[in-house]
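Each remark here refers to the structure printed beneath this line.
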Amino acid sequence: MLTKRIIPCLDVKDGRVVKGIQFLELRDAGDPVELATIYDEQGADELVFLDISATHEGRKTMIEVVREVAATLAIPFTVGGGIGSLEDMRAILRAGADKVSLNSAAVRQPELITEGARYFGSQCMVVAIDAKYDHDLGSWRVYTHGGRKSTELEVLKWARQVEELGAGELLLTSMDKDGEKTGFDLALLQAVQQVVSIPVIASGGAGDASHFVDAFQDAEADAALAASIFHYKETSVANVKDILRQNGVHVR
Amino acid sequence: MIGIIDYGMGNLFSVSKALERLGVPYTLSHSPQELEKCQGLILPGVGAFPDAMKALNKTGMKQYILNKVEEGIPLLGICLGMQLLFDESEENGTTEGLQLLPGRVVRFAGKDAAGHAYKIPHMGWNELQHLQPEAKLLSKMDGGYVYFVHSYYVDTPDKHVVLASAQYETEVPAVVGKGNVYGAQFHPEKSSTTGMKILENFCNVVRDQEGVER
């Protein structure tokens, strides 16, 4: 039986992990490989690296990070952030990443999803959707550029569309819940699960281990991603998995 | 020395790094001449079956692999590389495989016998059920979880070739083997300690084979 996946997410800028990470045992708090190794040891099933470098140099450094992570870790990982062309995807996948995640670029150029799927396979094409509830729309709206820009797209329609275009997985972030620590957006997750048949990664809102139980049991998420709850050591991947096991959720 | 066959399909980097971590020397090459000195071969693979067979045929790698297997060289196919070991695949029309193992590669139905829906691809960590625990590839292991990503699986009439399986919509052959031909449907190089153990076991098979009269 397939297990539910727990995925820590690391923000990387110019080759260093940013967003105050508190691992006391760390010699160097900003080293992506060192952090990734700790999460691997805790039992993380996958990792996501979000490249938030603003400069060309920073992006080039990211390739080095990817290469080093792939050389060190024997678990799958995804790289997202600023990927806008087939060339970007090829560079990251060749450096050893297992999947790439498209967000703004997928909205701007939906055919990138199809081209990526054709060249590299659907299994490595993750589409990230940042969703925010819109009362006028009566549904969720797609945002891009790290949540700064709203689009005309409706989340459920967009989710269906990216699956048809060849996406292998959805990384669904609730902007309403992000940072709130009150749990994942179960209504959003349930709605998206109704309309797609590719795996959905829940993101945004994790505040404690019980929230993961809800995402898996009530919203049938296939995986759940979190950042600060792990970085600030409010809980660990191992602890989340213990709680999931106690609640009858199948984990590795 | 292990030879990793580069025929343009697959994440060769991860496989090579995994061997490096095990301290096993390897050669990564698309040239039969360069692979000649290897005592074991790994056939990786990500992508579509017909493209892969086309590449193996075009590069002359198909005949090379068949000759080496005939000589007794141990071969490990990974993911698509495992599927290529079988008779044929139905991916994008029927394509003949290497025909080293009996069976057909078919697409997941997306539901089980009772009609419950299953997502395609079968993606993520699933538990190995050891059907033939005495198999060399499963030596000193006890189940464990490994990382799968695939939309097609092997349907074989010969249950003896299935060394371990994983339960999805159906029982999925996960580790296969017959004689010196082995395969893993999952990615051992991405499957943490369990996957590394399987790679190590394959390397041990190769090591034990060295010095054996061929």
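Glycine is no exception: its Cβ is also placed from the backbone N, Cα and C atoms.
Under the heading domain 'Glutamine amidotransferase', TrEMBL lists B:4-203. The annotation active site, nucleophile is assigned in TrEMBL to B:Cys79. Marked as active site by TrEMBL: B:His187, B:Glu189.
Reported as a whole number, the C-alpha separation between B:Cys79 (active site, nucleophile) and B:Glu189 (active site) equals 11 Å. In the three-state DSSP assignment, the secondary structure recorded for B:His187 (active site) is coil. Sequence-distant contacts of B:Glu189 (active site), defined by Cβ-Cβ distance under 8 angstroms and a gap of at least six in the same chain, are B:Asn11, B:Ser14, B:Val15, B:Lys17, B:Ala18, B:Ile78, B:Gly195, B:Met196, B:Leu199. The number of other CB atoms found within 10 A of the CB of B:His187 (active site), across every protein chain shown, is 26.
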